[in-house]
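Take a look at the structure set out below.
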Amino acid sequence: MKIISWNVNSLKIRHDQLVDIINKHNPDVISLQETKSQDENFPNESFNNLGYQSIFTGQKTFNGVAIITKLPYENVLLNIPNFQDEQKRFVSAEVKFDDRKILIMNGYFPNGQSLDSDKFIYKQTWVNALLKFIKTKNSNSLLMGDFNIAPDDIDCHDPEKWVGTVLTSDIERNLFKEIIECNFTDTHRHLNKNEPGFTWWDYRMAAFRRNLGLRIDHILASKDLINFLKDFNVLTDYRKLERPSDHAPIMLTLSF
């Protein structure tokens with residue numbers, strides 16, 4: 001079973017790159033963040049022609065998330081339950097792979113802007129709402145997306161430079177630990193141990209060429225799936241393309 005998660009930073013611009021990923025890797029599930037697409041403009045038919053169905057919730061210019069899958073699915077949610085939020089940042093569905101049901105949860109976590117901003121308070125509120133939900137959904141589950149959190153110093157190209165900033169603050173890292181403590185495993189770190197595995201590079205300062213990256217995109221697996229984790233890869237070739245997203249797709253392979 002192949003799972004891909006990608007912050008596309010505009011599905012309209014990255015559509016053809018996504019089709020290429022589908023043709024090359026044949027994933028069972030794709031989770032997208034920052035589609036920046038209103039629902040009426042989502043290219044549903046394009047993915048239908050490739051054998052996939054799409055679950056999506058979006059808005060103009062900002063945010064937007066989607067799950068694209070060739071598997072049967074049910075129990076769709078288009079927001080975090082019991083959390084009022086106009087921003088389109090969460091979608092989930094239960095997919096069926098052979099005789100196993102797996103909950104796919106896809107989130108575009110708020111960036112937070114700066115530690116003294118209202119947006120940082122919103123980030124904490126959003127993650128705490130997610131925590132309440134996932135505490136009841138911590139078996140046969142995958143939580144993925146752009147977390148906008150680098151969990152540890154190894155996930156940052158220059159830890160000292162990032163001290164006291166969003167994405168690497170103690171507050172955010174503690175929130176990530178709380179998520180892990182809800183019976184989840186960081187699949188990249190579990191499979192690839194000490195590899196940094198950066199997933200995001202700023203468009204500026206030739207950051208990708210110089211590998212000045214952060215690992216802020218993650219796929220977490222409930223611990224009952226640990227024995228089925230096979231491979232985790234960062235598809236960096238898509239960050240090398242003309243007009244790339246600033247994030248690389250990430251791919252988890254499970255073997256049941």
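Cβ coordinates come from backbone N, Cα and C, glycine included.
Just so you know, TrEMBL annotations are computer predictions that nobody has curated.
Because the structure is a prediction, the values reported are computed rather than measured.
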Task = Kindly point out which candidate in Asn7, Asn106, Asn183, Asn211 is recorded by TrEMBL as part of the Mg(2+) site with Glu34, Asp146, Asn148, Asp246, His247.
result = Asn7
Key: Additional residues around Mg(2+), ordered along the sequence, whose Cβ is within 8 Å of the centroid of Asn7, Glu34, Asp146, Asn148, Asp246, His247   = Asn9, Gln33, Tyr108, Trp200, Ile216, Asp217, Ser245
Ask   = Any idea which of the recorded positions Glu34, Asp146, Asp217, Asp246 has the thinnest Cβ neighbourhood at 10 Å?
value = Asp246
Spatially closest candidate among Asp146, Asn148, Asp217, Asp246, His247, the listed recorded positions, to Tyr108 (active site) (Cα to Cα) = Asp146
